[in-house]
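Residues annotated as transmembrane segment in TrEMBL: 20-36, 48-66, 86-109, 121-145, 168-187, 194-213, 225-246.
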Amino acid sequence: MLPYFEYHAIIAGPITLQVWGFWVSLGVIAGVLLADRLAKKNFLAPQLIWDLAVWALLAGLLGARVGHVLFYDTAYYFANPIEILYFWQGGASSLGGFIGAGLAVWTFAKIRKISFTQLSAYLDVMTPGLWLGWAIGRIGCFFIHDHPGTLSHFMLAVNFPDGARHDLGLYDSILAWVLLALSLIFFKKLRKQNSGLVFLFTVALYAFVRFWLDFLRATDARYFYLTPAQWGMGVVFLGLTFWQIYGKIRSTLPSRTK
């Protein structure tokens, strides 16, 4: 069992560093740098990685915050609207983040006229960076304990003041580290295919595991017995299935020549 600790901010004189925001920022930087490194090693344009990352990150962070406000703490934020802007204090929805980032990637590809095959290749390159950033960012959730779970005597349970509980921030970070390792292994084997399979498999695996992990959450809102993230993970899983089917259909069509 793990001891309980809580660090929301580090204060050094006039400087206040929000712990959650620090870990998320560190995760973003580390994730993009890893994607940049993999792009260079595989002869892909690093600048496109950075451009795509900026779009996905900004839209993902915005979507994550909006999702948290709408799906989890609506009454509180409507009563305290200015605190909607205090994103560095924590409070982000995975569902909203996936929606925001997904829409941004789709829009970016349309504007830049990036083909399905090209987009698949870049998503595969960026996938390890996604999970590295996710794993590091979730450490911030663990430090502020904003995802307390049900009571438990599991060896990784945290000894909260009201009893030992699962900590979903910790579990999500561990899951992301596992997915980082898997994505690097699969990327090494599949990188020449430009298939998007590294992205598809790891995100689908995350959606599957996250769906079951959410049953351990103690305080999250429920809609028809499921959390917003559980509904969202179902949608993500269906979307990825459609993506794979769409890719196979496109691969069977004759190429158009002028």
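Cβ atoms here come from the backbone N, Cα and C positions, even for glycine.
Annotations in TrEMBL come from automatic prediction, not curation.
For the transmembrane segment (121-145), the partner stretch with the highest count of Cβ pairs under 8 angstroms, out of 20-36, 48-66, 86-109, is 20-36. Recorded stretches compared: 48-66, 86-109, 225-246; the one with the most Cβ pairs under 8 Å to the transmembrane segment (194-213) is 225-246. Same-chain neighbours of the transmembrane segment (225-246): 67, 71-72, 93-95, 98-99, 102, 116, 196, 200, 203-204, 207-208, 210-211, 214, 217, counting only residues six or more beyond its ends whose CB sits under 8 Å from a CB of the stretch. Tertiary neighbourhood of the transmembrane segment (48-66): same-chain residues 28, 31-32, 35-36, 39, 84, 87, 91-94, 96-101, 103-105, 107-108, 112, 122, 125-126, 129, selected by CB-CB distance under 8 Å and a gap of 6+ residues from either end.
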